[in-house]
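Features reported for this protein in TrEMBL:
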- 3-137: domain 'EamA' (DOMAIN)
- 148-280: domain 'EamA' (DOMAIN)
- 36-58: transmembrane segment (TRANSMEM)
- 65-88: transmembrane segment (TRANSMEM)
- 94-114: transmembrane segment (TRANSMEM)
- 121-140: transmembrane segment (TRANSMEM)
- 146-167: transmembrane segment (TRANSMEM)
- 179-196: transmembrane segment (TRANSMEM)
- 208-227: transmembrane segment (TRANSMEM)
- 239-258: transmembrane segment (TRANSMEM)
- 264-281: transmembrane segment (TRANSMEM)
Amino acid sequence: MHWLALSSLSALLFASAAMLYRKAMRGSRLSPLTASALRALVVVPLLYAVSAPVGVSFSKPAEFYLLAFASTVLVFAVGDALLLYGLSHSPVGVVYPAAYSFSLFAAFFSHLLLGEAVTAGMLAAAVLVVLGVALTYRGASASGDYVRGLAAGLGASISWGLGITLNKPALDYATPLELTLVRLLMLIAIAAPALAREAGRIREAVNLPYLALGGLLGIGLGPLVYLQAIADSGVTGPSIVASSSPVLAVVLAAVFLGEKPSRWVVFGALLVFLGVTLLYAA
């Protein structure tokens, strides 16, 4: 169950990062791609410095770089952009449950493309987590384009599910640390035009210290731990646990930011707990 502990830690890191992003990006109009690249610019030197004693190699076959590039585009450029687009047009209570159903699509793609076994217990756990996210964000907002938000959320979910699945064969050629570094470098390259275009207002648009710390947790340590869990087990189980991070973010906000959770947060957290417990029992 080593992978389950790592997956739980990654969910906690993602949730902590989400809390920091809220403080960093409040009122910001930066594009999601630019914000992600800013985070990567901070995280890459830190990860590379940490990796020096371990040693990393970028001498990999072309297949690895194709898989890493496809994963980077699907997760960061497409998935994250669709999530932010949905949130700008529709209630969070519509978009988040749709987007964070990605564990179901990860299970589908990992079975279809990689031949991974997906048990009934895994599917039941995934459904419990998705329902937990839906309950947690119930009534969070009441206005907006529901159809557009649902479509964007599902698009993000599908994109994340496929991108996450492609990480598994990429890990046949590299360590989780090497894959994390390569994906972040690719993200910076993809986002370079957006970074140049928005460079003049970055300092005024974001709280850089919070963004840097959030980036370290959210696209540095979080994915590193998550990829190790995938390498140790498979795609489906770690994805189910990681998809609980929106619920953990609300719980952490209640504890550290003094936000008052509704009764739906309690019910949602309980369902997520049951889903993760089901994985432990499997």
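Backbone N, Cα and C atoms are what each Cβ position is placed from, and that goes for glycine too.
In this chain, the transmembrane segment (179-196) lies in contact with the transmembrane segment (36-58); the count of Cβ pairs under 8 Å, excluding pairs fewer than 6 apart in sequence, is at least 3. Relative to the transmembrane segment (179-196), the listed stretch 65-88 leads the set 65-88, 121-140, 146-167, 239-258 in CB pairs under 8 A. Here the listed stretches are 65-88, 239-258, 264-281, and the one with the most C-beta pairs under 8 angstroms to the transmembrane segment (121-140) is 264-281. With a cut-off of 8 Å between Cβ atoms, the residues of this chain six or more beyond the transmembrane segment (146-167) that come close are 67, 70-75, 78-80, 82-83, 85-87, 89-91, 94-110, 113-114, 179, 227, 230, 235, 239. Beyond the ends of the transmembrane segment (65-88), by six or more residues, the same chain brings 31-33, 36, 94-95, 98-99, 148-153, 155-157, 159-160, 162-164, 166-167, 169-170, 174, 179, 182-183, 186-187, 190-191 to within a C-beta distance below 8 angstroms of the stretch.
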